[in-house]
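S.K.: Got a structure for you, written out below as structure tokens; questions coming shortly.
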Amino acid sequence: MELEFFIEKTALVLVLFVLTLTIAAYSTWAERKVAAWLQDRVGPNRAGPFGLLQPLADGGKMFFKEEIIPNGANKYLFIAGPSLALLVSFLGTAVIPFGQSIEIFGRVVPLQVTDINVGILYIFGIVSLGVYGIMIGGWASNNKYSLMGAIRGASQNISYEIAMGLSIIALLMVTNTLSFKEIAAQQHGWHWNVLYQPLGFLIFLICAFAETNRVPFDLPECETELIGGYQTEYSAFKMGAYMFAEYINMFVSSVVMAVLYFGGYNYPGMDAVNQALGPTWGPLIGVGVMFFKIIAFIFFFMWVRWTVPRFRYDQLMDLGWKVLIPLAIANIVITAIVIVGFDLFNKL
Amino acid sequence: MESLSGRKKVLEQKPMNFWERMYLPAIFKGMAITFSHMFKKKETIHYPEQQREFSENWRGMHSLKRDEHGRERCTACGLCALSCPAEAITMISAEREKGEEHLYREEKYAAVYEINMLRCIFCGLCEEACPKEAIYLDGPIVPSDYLRKDFIYGKDKLVEKPLKEMEAEKAISR
């Protein structure tokens, strides 16, 4: 392994790690601001200008709170729960291309930590691991509310993963590849996949809400019924880890949606911009566009959260099994017919 | 059953039609409403910097009044403490010495006058009980503090400023 390669990848991983942390921290601030704006309030504005130091204050608070491990809890699993949730949530961004390859000091650097050719499967594996953090935490707490939350989390994630996977299959029929790099490259300019797969995107979006346990599908947490669900017994930094994991999951699913359906770093007129700015600065504009899309998605997550009330448990299962899965299968069939139709049309 | 008032409304529970079962149109409608609220005027009053306008009969922090010559009106009769349902007021009386006529209006005055703001319920009964018109609840909101002992307000915080200072303040505000 060459030294440059090692440095390049290490730098990329570090930047991505810090970026993920920062975005997750400021998501908590943004969530409160967005909530306030949607409710005719101003939100946190005392810590620093516009309340920008609020995440630091909250983090400090989390560190210095008293750590409580309940007597009846399984101590090792109790600690493993939040650690696993946080760890797994970080892994997702490794296969995401954040931009076209950049030329730095005469060296072409791909803005992707690793390009594995089964990137989508990797993401799915990581996402389904995420539920273990919730399950282990809820089980180890030795509390009925926590257990209820954990069970709900597990059943909800399993139900919605099916519809999510089926909606992705239709996308794969269009793209013919599992690699994120190629999927992003295929959507050059304005050939975004959302234009070919609008229904698939809608299903994926709804499932993403369920997978990240966000309102309207926050049944594992469910403050009003389960007093915090799997988080009930957690305090101090372990509680913070769960909250952080939730926000990182939101970031990761925003990234995945941006790359799979909204063209990632692609934007109309990118060729002209790349030619004008050269191989170093041109792709950076693409990175900016990518992050604009990600932040727009994060805003969308929050916007929905502060608009829609929580689904009832039977409604959640109805929607998952009786609406989304048939819709996703129909989407596959329609996509297949259209693709075959186009092939026949081209042969004529 | 026959409605006697004629205002009875019978609500029908219809099964949801296809669009309603999709939830999405309703969700989008709701999201449009919440988004429009982003640009509305914020209702927040930035408290320490801005203050809400109070009504005429607002009861805030107490103040012990002075008369037109700048003398304290309170004679430490104890009627306010007696009337107080929360037992927030206590005082120690003292006799006016010679040469103190410009400070206290009557021969007896309150050497110590304390109100416990954590006990006070701002009912205004002390104001009504006072025969000398010495106490009024016409001040601002009682500020927050860290220690319980700091909520016991003595004469230093309660008594009105001397006449000269008040006139000077009025002149500045003009």
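Backbone N, Cα and C define each Cβ position, glycine as well.
Sharing the feature lines straight out of TrEMBL:
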TRANSMEM  A:76-99  transmembrane segment
TRANSMEM  A:119-140  transmembrane segment
TRANSMEM  A:160-178  transmembrane segment
TRANSMEM  A:190-210  transmembrane segment
TRANSMEM  A:247-264  transmembrane segment
TRANSMEM  A:284-304  transmembrane segment
TRANSMEM  A:324-345  transmembrane segment
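Are these features on the surface or tucked inside, and what are their neighbours?
M.R.: Below 8 angstroms of C-beta separation, residues 13, 16-17, 20, 69-70, 110-116, 119, 122-123, 126-127, 129-130, 132-134, 136-141, 180-181, 184, 230, 233-234, 238-239, 241-242, 244-245, 248-249, 251-252, 255-256, 259, 264-265, 283-284, 286-287, 290 of the same chain, each at least six residues beyond the ends of the transmembrane segment (A:76-99), sit close to that stretch.
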S.K.: The transmembrane segment (A:160-178) vs the transmembrane segment (A:324-345): three or more C-beta pairs under 8 Å (separation of 6 or more)?
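M.R.: Contact confirmed: at least 3 Cβ pairs fall under 8 Å.
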S.K.: Is the transmembrane segment (A:190-210) packed against any residues at least 6 beyond its ends, judged by a Cβ distance under 8 Å, and which are they?
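M.R.: Contacts with the transmembrane segment (A:190-210): 156-157, 159-161, 163-164, 166-168, 170-171, 174-175, 183, 216-217, 253, 256-257, 260-263, 266-268, 301, 304, 316, 319-320, 324, 327-328, 331, 334-335.
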